[in-house]
Amino acid sequence: MSEQNEIRSAPLTPRPGSVAPTSPLVSTPPVSCPPSQFHSPSLSRSPLLHGEHAAEAPRNKTPKTPRTPRLSLTPRFITPLGSPMRKALRMTKLDPQDAWLPITESRNGNQYYAAFHTLCSGIGVQALVLPVAFTILGWTWGIIGLTLAFVWQLYTLWLLVQLHESTETGMRYCRYLQLSCVTFGDKLGKLLAMFPIMYLSGGTCVALIIIGGSTSKQFYQIVCGPTCSQPLTSVEWYLVFTCAAVLLSQLPNLNSIAGVSLIGAITAVAYCTMIWVVSVAEGRLPGVSYNPVRGKTQIEHIFDVLNALGIIAFAFRGHNLILEIQATMPSDEKHPSRVPMWKGVKVSYTIIAACLFPLAIGGYWAYGQKIPADGGMLTALYVFHSQDVSQSVLGLTSLFVIVNAVSSFQIYGMPMFDDMESKYTIRKKEPCPWWLRAVFRAMFGYGCFFVAVAIPFLGSLAGLIGGIALPVTLAYPCFMWLKIKKPKMYSGMWWLNWVLGVLGMGLSGILIAAGVYVVIDTGIEASFFKPH
């Protein structure tokens, strides 16, 4: 049955579904959703793998009453004007899988939930190493680089929010990889976006276990003091943190962890503010220098600068979660989800800017070139002010870092939970049972624990990883806009997106090369299975 016929065959009044058709010539229309609902391609595809085989909706075996034909809502002579509205109101077939997966299981999100999730995923311990980039770039270029990166990623964030749903096709792209595959094609979309997205989800959870476990050990030592007897090892603290994260991960869907994200956002803002305020209040360290660190050769200096830019790029993560967060909201043609989503994003990124810029500028002012490369501001607080600052302030800062890491683990792990459950729902054509969902999430959590123990030096690769993940944040959204929205050739939007997209891809390649060079040249302490 054609799209136009579906629209014209909508019933004027509800009819009981148990009445048999009165004429064999009248065909039964397909089960369709209300015209106000946007269709999500995630209903019939694996969220991460974007499989070719769709999950079929269960058919209603009860015969339907034939619908009474009626005339079109708009006269034929104004059909060209009515066509866009018809596309927006097009009916689409229901698929129950969307209600079975944790990202789209609940659609009652709002702008406050969006702000909580965006703030929790957009700020974290990766911001604490921003002053390290300033030691290479210096005052002027450090501030310029941080400002340009912030504005750039905020623009691409706006692009993703606008691309989440299309009134022309009636589609909602509820996962980043789905939008990538729609834009670039199945094979190329997976090739370009699969690894960065997998790292930004799974790799971030591994880094959170490392940071949360090591900070838990530090917190225990601060609270217990020198009277501690037989403290736990680093591996055991990693395990304690992982158990807490796995236990909290049993919350069913993305909307159910809104309160967790709120707590994570509050603690992130709290420890970022406490660290830079304490550092500035204690004053500059003796012998602080602000001269940019220069390599022995010109090539080495260039690669150091690029590695510093990679650290700045790594501080702005979370774009791989924006479509997923927006997918938790209801949406129709009168109240599209992009409106409350963008309100939440504006509030959250205003707060993020109020944390990142004072942290980078104040930290560099207080420590200069003495800022520790491993751990950044948090390590500097322990190393330089453990005797000057009260133990309660140090303990509270450590506690906030731990709580934020546990909370961030939930939102970054949700896409992986969603992908694992989608494989089951596609195969079994039924929702994932609660016990299997618990097993999936425990497997993921303890798998991240194993990687954290095996590769505890993952944080030393911040510059390299920032270059790998950079296209997801700065480049791909520009190409997606060009492909889907098709702005007029040589217009302002056309030039802006082409320039930013090409520049982002080129910068990513250069940053990866620079990160590899720095790792090879300076070396890293590859302490496999030996966490500190």
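Cβ coordinates are placed from backbone N, Cα and C, and glycine is handled just like the others.
Automatic, uncurated: that is what TrEMBL annotation is.
Residues annotated as region 'Disordered' in TrEMBL: 1-49 (among others).
Among the features that TrEMBL reports, compositional bias 'Low complexity' is placed at 18-49 (among others).
According to TrEMBL, the feature region 'Disordered' maps to 54-73 (among others).
The compositional bias 'Low complexity' annotation in TrEMBL covers 63-73 (among others).
Residues annotated as transmembrane segment in TrEMBL: 112-133 (among others). Only residues 6 or more beyond the boundaries of the transmembrane segment (112-133), in the same chain, are considered here, and those with a CB under 8 A from a CB of the stretch are 142, 145-146, 211, 254-255, 258-262, 264-265, 268-269, 272, 275, 308-309, 311-312, 314-318, 321-322, 325-326, 328-329, 340-341, 343-345, 347-349, 351-352, 355-356, 359-360, 363-364, 367, 371, 373, 375-378, 401, 404-405, 407-408, 411-412, 462.
As annotated by TrEMBL, domain 'Amino acid transporter transmembrane' applies to 112-520.
Here TrEMBL flags 139-161 (among others) as transmembrane segment.
The transmembrane segment feature in TrEMBL is assigned to 191-211 (among others). Residues 48, 125, 176-177, 180, 184, 238, 241-242, 245, 317, 320, 401, 405-406, 408-409, 412-413, 415-416, 444-445, 448-449, 451-452, 455-456, 458-459, 465, 468-469, 471-472, 476, 531 of the same chain sit 6 or more residues outside the transmembrane segment (191-211) yet have a Cβ under 8 Å from a Cβ within it.
Residues or ranges marked as transmembrane segment in TrEMBL: 260-281 (among others).
What TrEMBL records for 344-367 (among others) is transmembrane segment.
Per TrEMBL, the feature transmembrane segment maps to 393-413 (among others).
Residues 202, 205-207, 209-210, 213, 235, 238-239, 242, 245-246, 249-250, 252, 413, 416-417, 420-421, 424, 528-529, 531 of the same chain, all 6+ positions outside the transmembrane segment (434-455), place their C-beta atoms under 8 angstroms from a C-beta of that stretch. What TrEMBL records for 434-455 (among others) is transmembrane segment.
Here TrEMBL flags 461-482 (among others) as transmembrane segment.
Positions annotated as transmembrane segment by TrEMBL: 494-520 (among others). Within the chain carrying the transmembrane segment (494-520), a Cβ under 8 angstroms from the stretch's Cβ atoms is held by residues 152, 155-156, 159, 302-304, 306-307, 309-310, 313, 460-461, 463-468, 470-471, 474-476, 478-479, 481-482, 487-488, all 6 or more beyond its ends.
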Checking 139-161, 344-367, 393-413 against the transmembrane segment (260-281) for Cβ pairs under 8 Å, the most are found for 393-413
Sort out the residues at least 6 away from either end of the transmembrane segment (393-413), same chain, that have Cβ-Cβ distances under 8 Å to it, and list them. 117, 120-121, 124-125, 200-202, 204-205, 208-209, 211-212, 215-216, 218-219, 222-223, 241, 244-245, 248-249, 251, 254, 257, 260-261, 263-265, 267-268, 270-271, 274-275, 278, 321, 378, 381-382, 385-386, 441, 444-445
